[in-house]
Amino acid sequence: MAQTVRECSLALLFLFMWLLIKANIDVCKLGTVTVQPAPVIPLGSAANISCSLNPKQGCSHYPSSNELILLKFVNDVLVENLHGKKVHDHTGHSSTFQVTNLSLGMTLFVCKLNCSNSQKKPPVPVCGVEISVGVAPEPPQNISCVQEGENGTVACSWNSGKVTYLKTNYTLQLSGPNNLTCQKQCFSDNRQNCNRLDLGINLSPDLAESRFIVRVTAINDLGNSSSLPHTFTFLDIVIPLPPWDIRINFLNASGSRGTLQWEDEGQVVLNQLRYQPLNSTSWNMVNATNAKGKYDLRDLRPFTEYEFQISSKLHLSGGSWSNWSESLRTRTPEEEPVGILDIWYMKQDIDYDRQQISLFWKSLNPSEARGKILHYQVTLQEVTKKTTLQNTTRHTSWTRVIPRTGAWTASVSAANSKGASAPTHINIVDLCGTGLLAPHQVSAKSENMDNILVTWQPPKKADSAVREYIVEWRALQPGSITKFPPHWLRIPPDNMSALISENIKPYICYEIRVHALSESQGGCSSIRGDSKHKAPVSGPHITAITEKKERLFISWTHIPFPEQRGCILHYRIYWKERDSTAQPELCEIQYRRSQNSHPISSLQPRVTYVLWMTAVTAAGESPQGNEREFCPQGKANWKAFVISSICIAIITVGTFSIRYFRQKAFTLLSTLKPQWYSRTIPDPANSTWVKKYPILEEKIQLPTDNLLMAWPTPEEPEPLIIHEVLYHMIPVVRQPYYFKRGQGFQGYSTSKQDAMYIANPQATGTLTAETRQLVNLYKVLESRDPDSKLANLTSPLTVTPVNYLPSHEGYLPSNIEDLSPHEADPTDSFDLEHQHISLSIFASSSLRPLIFGGERLTLDRLKMGYDSLMSNEA
């Protein structure tokens with residue numbers, strides 16, 4: 001903008017000074033400025049500029065102090081405030097200065113008079129002069145002349161050569177037969193260029209064989225030059241007008257045949273046609289001789305938009321082609337499709353007897369579709385049962401649920417307004433059912449931003465069994481399979497690689513499968529790949545931490561699809577103790593889309609941990625996700641509990657197997673009985689046995705059969721142990737009593753453990769036979785199970801009435817107080833004392849005998865003897 005303003009200012013200044021100089025007005029009344037040798041000089045020449053004051057002009061107060069200043073104004077010098085550049089000064093009435101190295105173009109020099117040394121009064125202009133620097137014109141070259149159409153005029157153009165920087169006049173002269181002469185002029189300067197002139201004359205076809213000569217002459221102040229003569233004929237310069245009114249007709253609505261028609265000048269004998277589909281970059285060229293405005297085209301594509309253009313020529317071998325006509329754009333009619341659809345499918349089991357079949361197919365290309373595809377006809381057929389499912393859809397996919405049994409085939413055809421294509425058939429097999437057909441060593445490598453190179457090795461099964469390979473890929477993003485359908489390529493069986501580029505975008509992870517198909521089987525291998533990757537933007541979000549069976553289960557949500565930035569290889573779970581500065585521990589998990597939880601078993605119970613997760617791609621690790629705190633509660637170690645319990649049990653059993661420790665323990669426990677606890681001693685008068693049999697005065701007759709009954713019965717209270725106390729300790733054998741019917745009482749053996757001592761007030765030697773048979777004693781009744789029986793007795797049993805008192809340990813004789821302490825063996829007394837220690841944990845002093853009101857049966861009133869038993873038995 002600033003440069004434009006400066007150029008405009010300089011132009012105005014030049015114009016103003018030029019007008020002043022040309023008009024010879026008051027600006028030059030003080031003097032004159034001249035230039036020698038001329039105002040126009042060639043490049044590299046010098047010029048002398050003289051500035052002279054007129055008589056009686058100059059500084060009136062100080063005539064001797066006339067200072068003449070020469071200023072230079074050029075287009076390429078920045079002149080502030082239009083003051084110019086000072087190139088010379090001189091004191092006097094005249095001054096001459098030689099200028100050199102002037103640039104091409106016009107340069108203005110102005111002479112000024114300065115009468116004061118003060119800066120307040122500016123110098124006064126005296127006069128100025130222009131000096132133009134340029135070059136002589138070069139001879140014009142490359143002259144060509146044309147006449148557009150039969151009724152056009154002749155126009156010629158040429159190359160002027162180098163710019164002269166001066167005003168240069170050009171003259172075009174034409175001469176021909178019959179003294180034909182014509183010329184035109186134009187000039188070139190800094191504002192316009194002259195390199196073409198229209199002579200304004202028309203050459204008729206009558207002069208077709210005549211020759212014409214043209215010449216161009218250039219003249220300026222530094223010289224002149226002329227071009228070489230240029231000779232031509234009518235056919236050489238006349239160019240037909242472009243054809244017009246172009247149209248096309250299709251024969252019988254055919255999409256491949258059409259007749260192109262146009263209008264042309266009458267003298268045209270040759271036409272050139274070119275046409276192409278709009279999406280093409282190359283033209284189909286056709287030459288038509290004497291076409292008379294019509295030509296048949298037979299190789300057009302149906303339902304394709306074409307562009308047509310035509311050019312004309314007046315002579316088969318000479319002359320020039322006309323310009324191309326305006327374009328005609330039109331679409332050819334439809335025809336029935338000729339292509340075969342490329343079909344693929346996916347299987348998914350729904351339950352034990354149903355499966356979902358999803359069919360996919362690629363659209364036909366325009367050359368195969370040959371029209372607008374209106375719909376697709378889909379057929380799914382079960383071979384053995386002849387079950388057929390048909391449907392019509394406008395989409396390129398179709399899904400149907402069918403039984404899992406039977407062999408199925410699918411076919412798809414495309415239809416437009418003219419017809420349908422041949423159906424494409426495919427057998428529905430288990431694509432990944434045969435492991436022997438699975439390709440090996442499948443790899444996916446990024447080639448650039450838009451494609452992925454997939455390579456593999458042939459399956460274990462013979463290569464001849466593989467009919468073709470299918471490379472299938474699908475973006476691993478949320479959405480239905482119809483919204484994001486798979487893409488696939490068919491690869492010949494001898495190729496082991498494929499470059500996939502269809503719908504491949506950077507920073508998106510794709511699941512890639514390589515299928516090897518035979519006639520009736522299939523095997524597949526899969527891998528994930530991307531064309532470009534970065535570290536994920538964020539980490540997985542931990543949603544829950546649960547504790548089960550001494551393990552923590554970490555649950556998370558996957559990273560949103562746009563933030564994954566490629567294929568995720570691993571998830572990492574980090575944990576460390578809260579407020580710990582140590583490096584965290586980690587667990588790396590192989591990424592699987594279906595997995596959203598993982599167990600950890602290395603955390604200590606009752607310790608608070610901080611956990612977080614990250615994701616890893618081939619480019620790096622993501623930032624950490626959210627942090628979660630968790631304190632495992634742990635679980636009691638049942639193994640340690642069982643082992644410790646067994647050890648305690650063994651120690652306890654071993655300790656209580658020793659009699660001394662067992663007695664001490666029982667004694668300690670018996671002291672712990674509370675005073676409110678009293679063990680009730682049952683009264684024999686209330687027993688079932690007494691109620692069943694009447695009480696006699698001296699004895700009770702018992703049938704011996706009744707002795708075989710279980711005693712005591714379940715209804716009776718728990719039997720108590722009764723200690724027998726005698727004045728003289730007599731060993732008595734104690735064992736379970738059992739006697740059979742008809743055998744009476746048998747002898748029994750005596751053991752040390754069962755020995756007791758009987759207190760007898762009489763001397764042993766003074767006992768009579770009856771007395772010895774009826775020893776009055778109290779038998780010690782031990783606690784038995786209800787199933788216990790009486791053992792055989794070898795001596796008669798006699799019970800004599802004796803006064804007694806209830807005790808805590810059993811029934812004692814009434815004369816126990818008469819027992820002398822020295823008559824009892826201390827050792828035996830100790831053994832007797834500890835044989836019947838109570839197992840109660842309460843103090844024995846708290847026991848009280850049960851007191852009944854009224855008359856009751858006591859042992860003093862009972863007398864039982866062997867004779868009575870035998871008599872009852874009889």
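Keep in mind that glycine also has a Cβ here, set from the backbone N, Cα and C atoms.
Noted from Swiss-Prot: of N202, N287, the annotation N-linked glycosylation site belongs to N287. Scan Swiss-Prot for N-linked glycosylation site across N279, N686 and the hit is N279. Range annotated as motif 'WSXWS motif' by Swiss-Prot, chosen from 281-285, 321-325, 791-795, 861-865: 321-325. Ranges compared are 398-406, 560-568, 677-685, 848-856, and Swiss-Prot records motif 'Box 1 motif' for 677-685.
Along the topological domain 'Extracellular' (24-637), the predicted structure has mean pLDDT 88. Cα of N495 (N-linked glycosylation site) to Cα of N391 (N-linked glycosylation site): a span of 36 Å.
Across the fold, the C-alpha of N151 (N-linked glycosylation site) and the C-alpha of N169 (N-linked glycosylation site) stand 30 Å from each other. Checking each of the glycosylation sites N169, N179, N252, N287, N323 against N224 (N-linked glycosylation site) by C-alpha distance, the shortest gap belongs to N169. Cβ neighbours within 10 Å of N287 (N-linked glycosylation site), excluding its own Cβ and spanning all shown chains: 13. In the domain 'Fibronectin type-III 1' (139-237), the DSSP tally of helix, strand and coil residues is 7 helix, 53 strand, 39 coil. For the domain 'Fibronectin type-III 5' (536-635), the DSSP-based tally of helix, strand and coil residues reads 4 helix, 47 strand, 49 coil.
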